[in-house]
Every structure is written in structure tokens, then in C-alpha cells.
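Before any comments, here is the structure.
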Amino acid sequence: MAEGETESPGPKKRGPYISSVTSRSVNLMIRGVVLFFIGVFLALVLNLLQIQRNVTLFPPDVIASIFSSAWWVPPCCGTASAVIGLLYPCIDRHLGEPHKFKREWSSVMRCVAVFVGINHASAKVDFDNNIQLSLTLAALSIGLWWTFDRSRSGFGLGVGIAFLATLVTQLLVYNGVYQYTSPDFLYVRSWLPCIFFAGGITMGNIGRQLAMYECKVTAEKSHQE
């Protein structure tokens, strides 16, 4: 550089490692927040379906019906959804088996619709006994996994989530926090693990899709730089 010339000031670039860590942390936080609000929304919708069954038109007190459950239920569902949605892609990376089956948003939306249908069927469909209902919901839940997931890690996490969530629910009911009508599986309904399994698969698919979108955006930024 010739004497007298000054170097034009410019934005100081961060090192690649610091940039990568910062970007990953921000993306992780954004995904967690998105998954939390999706979980809260689904909890409110599914609570409405449970309470307002056999109603085709929204009643005047629909807002009161949506928020008729305990205040802590939506935040707990949102937190669980965030943990599950972040855990699925993390396990995929740890196992070195990226999930590539039906990875598009249309498939995720259909998975959500099927999950809502399974949950609604648990309250609306009448069977001769709870065993028939539980077996039917179990078949539908496994069908949901086969249609939208088909990964061993997804199935294993779904079973683990169903077991842990059912155990926590049993403890809550045992301590009188709330109760189920006509319990037939200790203190809860026998079809509850099927709902938890299907919910884990659904939130896992949403989390995987968000993680894939993050990777795509990060790759585009790296290419531009």
C-alpha cells in the first residue's frame, strides 16, 4: 500500500468459530420459542375438542371453554413440545442418521392433522369397552409413525416419551392435582400412552423440519460469504 493511503474502515468480522457458535445458539433459541408456542396452541385446541365435543358450531362461550383448563397445562405442554422438538434432530445428529423421510412442510401439516384426529377420536368415538378404544388408538398412533417418520430413533423416543409422560400423569392424578373420568389404567385412561406417543412423533417431525430449515439458511449464508 502506498504511503499516504489510509485503509478504509469497515465492519470487523467475527471469527468463523464465534460466528458459528452465536448463530447456532440464536437459531436454537428461536426454534425453542416457536416449538413452545406451537405446543401451547395445540394444548388449547385439543382442550377445546375435548370439552366441546358433539358441538358443530362454536358456542358463545368458546373463549371461556378454551381457557377452562388449569392455567399450568398450556405452559407445561409448550415446554414439553420445545424439549421434544429440539431433542429429535439432536438425537438424529448424534446417531449420524439424518431423517430424510417425507421432509416437507405439507407432510408435517398432515401429521399434525392426524394427531389432532387421534386425540379427538379418544373423546368422541364410542366403543364397547376401553380395551377396543385403546387398541384402535394404538394402531392409529403406530400408523402415524409409519406414515410420517419410519425411523428407529423416532419410534424409540416416542415410546420413551409415552412412558415418561404417562408416569408423570399418574403421579399428578395420584396427588389429586386433577382426575380422569372412568380411569381403567391405574389412575388414568388406558389410551393415554397412545396420545403421548403420537404427540411425541408429531412434535419431533416439526422440530426436525425447523432444524432442516435452519441448516438450509445457514448453508445459504455461508455460500454468500
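Placed from the backbone N, Cα and C atoms, the Cβ positions cover glycine too.
In TrEMBL this protein carries:
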type	residues	note
TRANSMEM	28-49	transmembrane segment
TRANSMEM	69-88	transmembrane segment
TRANSMEM	131-148	transmembrane segment
TRANSMEM	155-174	transmembrane segment
TRANSMEM	186-206	transmembrane segment
Checking distant contacts: for the transmembrane segment (69-88), what same-chain residues at least six beyond its ends satisfy Cβ-Cβ under 8 A?
28, 31-33, 35-40, 42-44, 47, 99, 153-154, 157, 161, 165, 177-178, 200, 203-208, 210
For the transmembrane segment (186-206), the distant same-chain contacts (Cβ-Cβ under 8 Å, at least six residues beyond its ends) come to 35, 38-39, 80-81, 84-85, 87-88, 107-108, 111-112, 114-115, 118-119, 122, 130-131, 133-134, 137-138, 140-141, 144-145, 148-149, 154, 157-159, 161-163, 165-166, 169-170, 173-174, 179-180
In the same chain, residues at least 6 away from the ends of the transmembrane segment (155-174) whose Cβ sits under 8 Å of its Cβ atoms read 80, 84, 87-88, 91, 145, 149, 180, 183, 186-188, 192-194, 196-201, 204
